[in-house]
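Colleague: One structure, as structure tokens, below. Some questions next.
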Amino acid sequence: MLICVPGILSKDDVAEFRHIMAESDWEDGRSTAGAQSAMVKRNEQLPPDSEVARRLGHRIISAMTANPRFLAAAIPQQIFPPLFNRYAADAGHQFGIHVDNAVRGDKLTGLRIRTDLSVTLFLSEPDEYDGGELVIEDLYGSHEVKLPAGDLVLYPASSLHMVTPVTRGVRVASFFWLQSMIRDPLARSMIFDLDTTIQGLSQRMGRDDPEMVRLTGLYHNLIRYWAET
């Protein structure tokens, strides 16, 4: 399940983030990579324990958890503190094909999560850079993702994926992982489809329609059956 969520950050928010990040110190992105990923990772990151990364990360989490589409798709239990990276054409930055670690730990908070979903929040507009597509592989082939600044994409952390070489400009993004209350990806996908259907039908039938009430009850009972808290 690959889901795009538009407008997590406003354009003004993105501009503010970019200004703050431009004045910050960056480090080799391999500092947070696993052994296999480090061999193919070429980018820069804000230090994960920096005040800037933590402050901006809190703002992203606040914005995401107020977004109905994100909540419906992810059903988040725990969210890893957002990280920030940049890929510059003049440095030959790219990130070769890899899969994310199954478990991530945060040294500052002691948080450990199972990485069910990966998240990329774009902080550069598509016309600011060439290349830099996020390429995600699944059973149906390869999918290229390059979204407007402020939009994010959710995809299974178990997916092979890569960031193609940036050949012009600079690509800036936030990336992180989350553990969902619905561990099984098929169950999570069905819950999302059901939620989307309920939202569409409720606009035509009204939320107080008896069939809508029954359908909403089914939604909550399925979450009750599958959820891990």
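Numbers here mean position along the shown chain, with the first residue as 1.
Cβ coordinates come from backbone N, Cα and C, glycine included.
Just lifted these from Swiss-Prot, have a look:
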| type | residues | note |
| --- | --- | --- |
| DOMAIN | 78-180 | domain 'Fe2OG dioxygenase' |
| BINDING | HIS98, ASP100, HIS161 | Fe cation binding site |
| BINDING | ARG171 | 2-oxoglutarate binding site |
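Situate these features within the shown structure.
Modeller: Here the domain 'Fe2OG dioxygenase' (78-180) returns a mean pLDDT of 97 for the predicted model.
The C-beta environment of HIS161 (Fe cation binding site), restricted to residues of the same chain at least 6 apart in sequence and closer than 8 Å, consists of ILE97, HIS98, VAL99, SER118, LEU134, VAL135, ILE136, GLU137, TYR155.
Long-range neighbours of ARG171 (2-oxoglutarate binding site) (same chain, six or more residues apart, CB within less than 8 Å of its CB): ARG86, TYR87, HIS93, SER124, GLU128, TYR129, GLY131, GLY132, VAL163.
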Colleague: Give the sequence-ordered set of same-chain residues, not counting HIS98, ASP100, HIS161, with Cβ within 8 Å of the centre of the Cβ atoms defining the Fe cation site.
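Modeller: My list of surrounding residues reads SER37, PHE95, ILE97, VAL99, SER118, ALA157, SER159, LEU160, MET162.
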Colleague: So, three-state DSSP: helix, strand or coil for ASP100 (Fe cation binding site)?
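Modeller: The three-state answer is coil.
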